[in-house]
Amino acid sequence: MKTVVFAYHDMGCLGIEALLAAGYEISAIFTHTDNPAEKAFYGSVARLAAERGIPVYAPDNVNHPLWVERIAQLSPEVIFSFYYRHLICDEILQLAPAGAFNLHGSLLPKYRGRAPLNWVLVNGETETGVTLHRMVKRADAGAIVAQLRVAIAPDDIAITLHHKLCHAARQLLEQTLPAIKHGNILEIAQRENEATCFGHRTPDDSFLEWHKPASVLHNMVRAVADPWPGAFSYVGNQKFTVWSSRVHPHASKAQPGSVISVAPLLIACGDGALEIVTGQAGDGITMQGSQLAQMLGLVQGSRLNSQPACTARRRTRVLILGVNGFIGNHLTERLLREDHYEVYGLDIGSDAISRFLNHPHFHFVEGDISIHSEWIEYHVKKCDVVLPLVAIATPIEYTRNPLRVFELDFEENLRIIRYCVKYRKRIIFPSTSEVYGMCSDKYFDEDHSNLIVGPVNKPRWIYSVSKQLLDRVIWAYGEKEGLQFTLFRPFNWMGPRLDNLNAARIGSSRAITQLILNLVEGSPIKLIDGGKQKRCFTDIRDGIEALYRIIENAGNRCDGEIINIGNPENEASIEELGEMLLASFEKHPLRHHFPPFAGFRVVESSSYYGKGYQDVEHRKPSIRNARRCLDWEPKIDMQETIDETLDFFLRTVDLTDKPS
């Protein structure tokens, strides 16, 4: 049976050996180049492939159309993935008639995502396992073909558990691969209500927070012990690594992080005490705890800390242009919730951000980006991250004021982009789902979908092409001049503070705001061309969490990426949106203050938007880049978003002159 294999690490090697032992014909193997910053304690898939005479490749992006075509030419009957680190696109998965199967290091649906080996130890689990499952578009979500349980002993650390999982994986594959070969497998769907998902871990995630219980810190030490980077702490500015530890039920009134004794080296925790059995100062050698205490100059009563004592982290300065807008004000709230951001904002109004004006880490200037160019250039130079969120983004304006859309959305933003290039600042640019235009793909993909717009005499597309050209300019600056950038494409974000009812009164608002105004005023809900156009609606909280993770940029994974941010599960037509909104309105406690529902009315787009308008029938995002770069999934159901958005707007209405 012909197969193409995607593999890395020890699991990749044993998976390849198991396939060969089971009589599979491996046409090609795809793997990764080794990261020089990573301690390579595991087997080399590339070396194994070379020794076995199998073609092996390590492309940066295996999902590129050229690689998809090359894999198609191999005509695989089945595809296997053994610890390959990138998501494989649906186009590749569909190439194998017998399907694609992935080996995952947990008992799915628990511990989907990255680093399950480490996470089960961090969380103090007593059991894990390996799962072979069918691959689908969503990571680790396909039907289970086989599982094998593995007990986690109290003295297991990451490497011993890794060896146990490898042994279990060999057994699992020996039992299961012949059945797959003969088409004789029983698949069990995963229970979504039991699913848990965990993200990528970095060495910086393993600092010891002494206010936590000793058992929790001991589990952290176990989870990242050698050959992983190790759990760490600081004495003053001196970093040290803890390689092994023991939990002591020591009752002490000492502050967490205090040294209780140096022989043994015992540290007070939020609950109990942690004995540091072995450790290492800086880049030195491993030594026992009491010697480490001597090396670090510790005495009874000394204090350890999770961060260097004199290097308080400078807050990251974020410049948000259009800070009073829908995305800007919600993003400001999310950033200020953390203690390491300083937000600088500019906008022509401040009603949505009034709640932040007295915050010590929020700095606001009221002004227009077309006028305050010197202020903007100064703050681009001063800040670390720039988000130019100013744009005209309401469809009626595309036909009503196309030149103003071009001047603001393109020309003003191009100037800001050039400032970022000049001062070498990171830019996070709001592209738009509109750039996909009339694309016919089932899922709009950032890296593969064509961007299709209408003729020049349809000014409705001026917003789309302005944004698209800026995307291309930013990409070119990144390629040619090293601009650090991320492009994000929101798909129909909704929530409180989206537009306002006054904007809806002049037709310059998004769909849901216009529909709410119709309900508030007792006017018919207008369904443009019947309202059959489908969109994927995304809760603002989900969207902002993804955007926050782009700003955080863990491991620089977002650099040079284009990321759709939308909820493909929340697809509905505008008509269905209106019906859901109406149902929510009818049961709202303030309903009796408003006129009776005036019904739905179908209108032609030309009579509503004017000459030059074209609509898009569907717009559904692929979110594989968001999953890969951000470890992000949208979580909030559309009905909840509708209820909260409606409630917000109804409570802004002056009810003194409304019927009761």
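Our numbering is plain: 1 for the first residue shown, then up by one each step along the chain.
Glycine is treated like the rest: Cβ placed from N, Cα and C.
Swiss-Prot has this to say about the protein:
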ACT_SITE  HIS104  active site, proton donor
ACT_SITE  GLU434  active site, proton acceptor
ACT_SITE  ARG619  active site, proton donor
BINDING   HIS86, LEU87, ILE88, ARG114, VAL136, LYS137, ARG138, ALA139, ASP140  (6R)-10-formyltetrahydrofolate binding site
BINDING   ASP347, ASP368, ILE369  NAD(+) binding site
BINDING   ALA393, TYR398, 432-433, ARG460, ASN492, 526-535, TYR613  UDP-alpha-D-glucuronate binding site
REGION    1-304  region 'Formyltransferase ArnAFT'
REGION    314-660  region 'Dehydrogenase ArnADH'
SITE      ASN102  site 'Transition state stabilizer'
SITE      ASP140  site 'Raises pKa of active site His'
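Distance noted between the C-alpha atoms of ASP368 (NAD(+) binding site) and ALA393 (UDP-alpha-D-glucuronate binding site) is 17 Å. Between the CA atoms of ALA393 (UDP-alpha-D-glucuronate binding site) and ASP347 (NAD(+) binding site) there is a gap of 16 Å. Cα of ILE369 (NAD(+) binding site) to Cα of SER433 (UDP-alpha-D-glucuronate binding site): a span of 24 Å. In sequence order, PHE80, SER81, PHE82, LEU132, HIS133, ARG134, MET135, ASP140, GLY142 make up the list of same-chain residues 6 or more apart from ASN102 (site 'Transition state stabilizer') whose Cβ falls under 8 Å from its Cβ. Note: the CA-CA distance between HIS86 ((6R)-10-formyltetrahydrofolate binding site) and HIS104 (active site, proton donor) rounds to 13 Å.
In this structure the C-alpha atoms belonging to LYS532 (UDP-alpha-D-glucuronate binding site) and ARG138 ((6R)-10-formyltetrahydrofolate binding site) are separated by 27 Å. Sequence-distant contacts of ARG138 ((6R)-10-formyltetrahydrofolate binding site), defined as residues of its own chain at least six apart whose C-beta falls under 8 angstroms from its C-beta, comprise ARG627. On the 0 to 100 pLDDT scale, the model's mean across the region 'Dehydrogenase ArnADH' (314-660) is 91. Checked against VAL136 ((6R)-10-formyltetrahydrofolate binding site), the recorded positions HIS104, ASP347, SER433, ASP529, ARG619 differ in C-alpha distance, with HIS104 being the nearest. The closest partner of SER433 (UDP-alpha-D-glucuronate binding site) among the recorded positions, by CA position, is ARG619; the full candidate set was ILE88, HIS104, ASP347, ARG619.
If you count neighbouring Cβ atoms within 10 Å for each of the recorded positions HIS86, HIS104, ARG535, the highest count belongs to HIS104. Ranked by CA distance from ILE88 ((6R)-10-formyltetrahydrofolate binding site), the binding-site residues LYS526, ASP529, ARG535 have ARG535 at the top as the closest. Around the Cβ of GLU434 (active site, proton acceptor), the number of neighbouring Cβ atoms within 10 Å comes to 24.
Of all the recorded positions listed here (HIS104, ASP347, LYS526, ASP529, ARG619), ARG619 has the Cα closest to the Cα of GLU434 (active site, proton acceptor). Among the residues HIS86, LEU87, ILE88, ARG114, VAL136, LYS137, ARG138, ALA139, ASP140 said to bind (6R)-10-formyltetrahydrofolate, no two Cα atoms are farther apart than 16 Å.
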